[in-house]
Amino acid sequence: MSKFVFVTGGVVSSIGKGIVAASLGRLLKSRGYSVSILKLDPYLNVDPGTMSPFQHGEVFVTEDGAETDLDLGHYERFTDTAMTRLNSVTTGSIYQAVINKERRGSYNGGTVQVIPHITGEIRERIHRVAANSNADIIITEIGGTVGDIESLPFLEAIREFKNDVNRNDVAYIHVTLLPFIKTSGEIKTKPTQHSVKELRSIGIQPDLLVCRSDKSINEGLKKKLSGFCGVNIKSVIEALDADSIYSVPLALKKEGLCKETLKYLELEDKECDLKNWEALIHNLRNPGDPIKVALVGKYIELGDAYLSVVEALRHACIEKKASLDLHWVSAEMIEKGSAETYLKEVDAIVVPGGFGNRGVNGKISAIKFAREKKIPFLGLCLGMQCAVIEWARNVANLPDASSSELNPDTPNPVIHLLPEQEDVVDLGGTMRLGVYPCRLTNNTTGKKLYDEDVIYERHRHRYEFNNYYKQSFLNSGYKISGTSPDGRLVELIELENHPYFLACQYHPEFLSRPGKPHPLFQGLIKASQEKLTQSN
């Protein structure tokens, strides 16, 4: 039977609950326990799939095609465990399920209320993850901040949850902030005391406090928090600001987070094996020469919009003992100026996914610059589509080529709508989503990098390469490195006579892990290092 850990946050938003949950997952897994982590998000959207990246950041896609919160990416990267659509729950999806049940008559004519029906549905979702994953420990992160109106149903649900199981099957962790007041030179505990008081008023007594701070917390402060918040002093965990999110598990291990959690769950504190993780942090803190990577996008004002891409680059740099020097380049600024102005000093160029016309011509200019100047290049999803358009216009004698998404009237739609998407009206959850197989072509860079005949990658798109133009592309020097097993869909392309020029229709960034970098990102960094060595 599974045990359950609930992670709440107080005082301020963006306190780091997701990293705490993911770090605890890593620590538990290092002790031999299986873990699954789910996120309860208190917004009314059914999922983040239709939300602006400026509002929500990246949409993380799971193996089974769910469009989820970016925290699920942290969960997967830290625990190296695949999550599913069950691991992402929103207020919108809960209300939708309850209303659908009411319409079907599932409540036998009863009055449908927040308590017990909404809270009951939330508890059911948590139990469903336990049943589906069969994990030893289920960690649940509750989005928002204690005191927010929209979080109340979730907090009530996790309060009720302890009645579904034995008390020693549940642990409550509250992540909070201890602000340092510069004028007085003091760390203040009062905001945390009030946050815990608010949590207690709902009926939840936290078992552990994880205290975020940029200053070290002495024993006196821990004793004070223990007394005012009713938490064992050993369960007051210091969480100092870290140099990297990947160093957080080691810091929390030192503070005893995992040991104390296991104590409340009455589970054995097994021997912890973090040798590989420690080696990872050593390489991270002792990098070699920097690699200047330009990320050319349309949402660069919010770095979280490309979170998995950045982490995948970081994983590859750690593996190759390089330092990541990331240059955020606005595709729209390239349109107003020139690609050379923004890209002449970089060692590699990445064009990530996206939607819509804005910034596309800037991306195409960046790709042309990478191709002509022999700069290692990787295109992802829309990045591949832009690479196809660039080649068609500048090499394959199709100057008016475009995508039917960007220009429905183009006479040469080298990128067109997938046939199964033609009658789709709704936006949410209707794209080609989730894992699909890709057969790699022999004697290609792609095949060499993966060293597999068939790979499985995650997708999120409606448009694809138009096979009507396949032969003209092949004749003009393009290589198709990977297709769907039936050969119908082009998934990976590359150029010969270039240090590294690959573009894929899928999202390889979702499968990159610390210590297990994705082959396409690893290949990009390696090619950049080799080019730098040759130029020196």
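Yeah, the Cβs are placed from backbone N, Cα and C, and that goes for glycine too.
Feature annotation from Swiss-Prot assigns region 'Amidoligase domain' to 1-267.
Per Swiss-Prot, UTP binding site is recorded for Ser13, Lys188, Thr189, Lys190, Pro191, Thr192, Gln193, Lys224, and the stated evidence type is sequence analysis. According to its DSSP assignment, Thr189 (UTP binding site) is coil. Taking the Cβ of Thr189 (UTP binding site) as reference, residues of its chain lying under 8 Å away and at least six apart in sequence are, in sequence order, Leu178, Leu221, Lys224, Leu225, Phe228.
Here the Cβ of Pro191 (UTP binding site) has 15 other Cβ atoms within 10 Å, regardless of which shown protein chain they belong to. Residues or ranges marked as CTP binding site by Swiss-Prot: Ser13, Asp148, Ile149, Glu150, Lys188, Thr189, Lys190, Pro191, Thr192, Gln193, Lys224.
The Cβ neighbour count for Asp71 (ATP binding site), using a 10 Å radius and every protein chain shown, is 25. Positions annotated as ATP binding site by Swiss-Prot, on the basis of sequence analysis: Ser14, Ile15, Gly16, Lys17, Gly18, Ile19, Asp71.
What Swiss-Prot lists as Mg(2+) binding site is Asp71, Glu141, and the listing cites sequence analysis. A helical conformation is recorded for Asp71 (ATP binding site) in the three-state DSSP classification.
Taken from Swiss-Prot, the feature domain 'Glutamine amidotransferase type-1' applies to 292-534, supported by sequence analysis.
If you look up Swiss-Prot, you'll see Gly354, Leu382, Gly383, Met384, Gln385, Glu405, Arg462 marked as L-glutamine binding site. According to DSSP, Gly383 (L-glutamine binding site) is assigned to a helical segment. In sequence order, Val350, Val351, Pro352, Gly353, Lys363, Ile367, Ala503 constitute the residues six or more apart from Gly383 (L-glutamine binding site) in its chain with CB-CB distances below 8 Å.
Annotation comment: Swiss-Prot describes His507 (among others) as active site, evidence class sequence analysis. Sequence-distant neighbours of His507 (active site): residues of the same chain at least 6 apart with a C-beta under 8 Å from its C-beta are Val61, Ser308, Gly353, Leu380, Cys381, Glu457, Arg458, His459, Arg460.
Cβ environment of Glu509 (active site): Ser308, Val309, Glu311, Ala312, Pro352, Leu380, His518, Phe521 lie under 8 Å away, each six or more residues apart in the same chain. The active site annotation in Swiss-Prot covers Glu509 (among others) and rests on sequence analysis.
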Distance in Å spanning the most remote Cα pair of Gly354, Leu382, Gly383, Met384, Gln385, Glu405, Arg462, given for L-glutamine: 14
For Ile19 (ATP binding site), the three-state class that DSSP assigns: helix
Distance, Glu405 (L-glutamine binding site) to Ile19 (ATP binding site) (CA atoms, angstrom): 37
Those residues of the chain, 6+ apart, with a Cβ under 8 Å from that of Lys188 (UTP binding site): Leu178, Pro179, Phe180, Ile181
Among Lys17, Lys224, Arg462, the most crowded of the binding-site residues [Cβ within 10 Å]: Lys17
Cα-nearest neighbour of Glu141 (Mg(2+) binding site) within the listed binding-site residues, Gly16, Lys190, Met384: Gly16
